[in-house]
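Notes follow the structure.
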Amino acid sequence: MNRESFAAGERLVSPAYVRQGCEARRSHEHLIRLLLEKGKCPEDGWDESTLELFLHELAIMDSNNFLGNCGVGEREGRVASALVARRHYRFIHGIGRSGDISAVQPKAAGSSLLNKITNSLVLDILKLAGVPTVTNCFVVPMATGMSLTLCFLTLRHKRPKAKYIIWPRIDQKSCFKSMITAGFEPVVIENVLEGDELRTDLKAVESKVQELGPDSVLCVHSTTSCFAPRGPDRVEELAVICANYGIPHIVNNAYGVQSSKCMHLIQQGARVGRIDAFVQSLDKNFMVPVGGAIIAGFNDSFIQEISKMYPGRASASPSLDVLITLLSLGSNGYKKLLKERKEMFSYLSSQLEKLSECYNERLLYTPHNPISLAMTLKTLSEHRDRSVTQLGSMLFTRQVSGARVVPLGSVQAVSGHTFRGFMAHTNNYPCAYLNAAAAVGMKTQDVDLFVKRLDKCLKTVRKEQNKESNASAVENYNKTEDVDIEEMALKLDNVLLDTSQNSS
């Protein structure tokens, strides 16, 4: 309602009451105006009524919601189900145009505004999370793997002679397949073991650049967030190598936004060397449904090139989800989540360490990994690998999700490349282990329940091991006893035979 509508309402209801209602509406509109003017995440989260008012105001700016609209094209925002329309707040046209995912749509001013505001808020959050010099970013409606592929395809036009991507090994299929899908050959650099932790082999990376020749290398593809015992790549040192040889550098920062350490690595890498783009998942960092990612960088023109590489329009759902989430939380709410995550990491670490000591195991020392932890399973793997995989199955059937059990010697073929010791990020890690991560949104009760169920599962597996060991010992004893009796019988037969022959 505008001023004229409120004035008309004063003829029906007491003007004092109407003015009070008008002031209440203005408080909502003030928040919206500040958002549009500043383009930054509000410090305090919005209430749902302000959010819904804002989304409704944007939606009625799209042509499919015009009262007198007459659409005669093939894509006019028609939706058969009213439930689907409500699910999307009637944003039907998506974002971008056929030539650029960040472009404005003439028939969808509201969706275009939503897209611009979302990108602006996400940029503000990336700066707040630890990368203050990032210059541009955009939300893309694809998960991390395909978003990395989009970055590699953009680089193809800049480096037409390149055919290789240098990739410090991380045993995660989507980032490996992102390079294959883009049509490049991954050059896998094995990690080096430093104590318990796996770190980037910088000498091997530089040696491979020299061997292949810088012009034949599309980029270095590094990783920040990962499963322990692997640590984040040495991003700063890799950035220096890339700068020295004139090679692009793409960082897979999948769930690194929630970690100040991962974000600091990116910031420092850009300061001392070269980072062209870094990619992060929406669902892992902002607790929204799977299906979106953020592509960000320090060179505005290169990030625009990536957005123009996306073919066609795109779904607005990931942008809408993260916009609603950030406006609901506010920057203070998101900072609180990041603080709580750090506390949960310390708590999970202490609880796992206590539990591991009860079973003659230990927590692996991985000081560079700020999110993931690993606990040895040596006493299980000494008996047989089946006990290790059985533990993983037991946890899953007891509704423990996210924990990974990594046995020794696993072999996995991914897009024609064979990885030995798959899931361990190296061919021969010294022991089997269990992973758990303290990610954003985890609560104390999640840690307590996980440790309680893990304790019960370990006890059950140990009991079964003891039963099998006892049964095996009895079986071996019986076999030995049978052999001894047989030998005595043969000796007695021989004695009797000799006696009989002497008598005759």
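Cβ from N, Cα, C; glycine included.
Note that the structure is predicted; figures quoted are calculated from it, not measured.
What TrEMBL says about this one:
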- R75: pyridoxal 5'-phosphate binding site (BINDING)
- R97, S98, Q105, R313: substrate binding site (BINDING)
- R271, R398, K463: tRNA binding site (BINDING)
- K284: N6-(pyridoxal phosphate)lysine (MOD_RES)
Q105 (substrate binding site): which of the recorded positions R271, K284, R398, K463 is the nearest Cα neighbour?
K284
Counting every protein chain present, what is the number of Cβ atoms, excluding its own, within 10 Å of the Cβ of Q105 (substrate binding site)?
18
So if I measure Cβ to Cβ from R75 (pyridoxal 5'-phosphate binding site) and keep only same-chain residues at least 6 apart in sequence, which ones fall under 8 Å?
H93
Near-site residues: substrate, ref R97, S98, Q105, R313, CB cutoff 8 A to centroid:
G94, I95, G96, G99, D100, A103, G312
Largest CA-to-CA spread of tRNA binders R271, R398, K463, angstrom:
55
Fill in the CA-CA distance, R398 (tRNA binding site) to K284 (N6-(pyridoxal phosphate)lysine), as an integer in Å.
23
Using a 10 Å radius around its CB, how many other CB atoms surround R398 (tRNA binding site)?
13
Using C-alpha atoms, which one of the recorded positions R97, S98, K284, R313 comes nearest to K463 (tRNA binding site)?
K284
Distance check, please: Cα of R271 (tRNA binding site) against Cα of S98 (substrate binding site), rounded to an integer number of angstrom.
35
Give me the CA-CA distance between R313 (substrate binding site) and K284 (N6-(pyridoxal phosphate)lysine), in Å, as a whole number.
24
Please give the greatest C-alpha separation between any two of the substrate-binding residues R97, S98, Q105, R313, in angstrom, as a whole number.
10
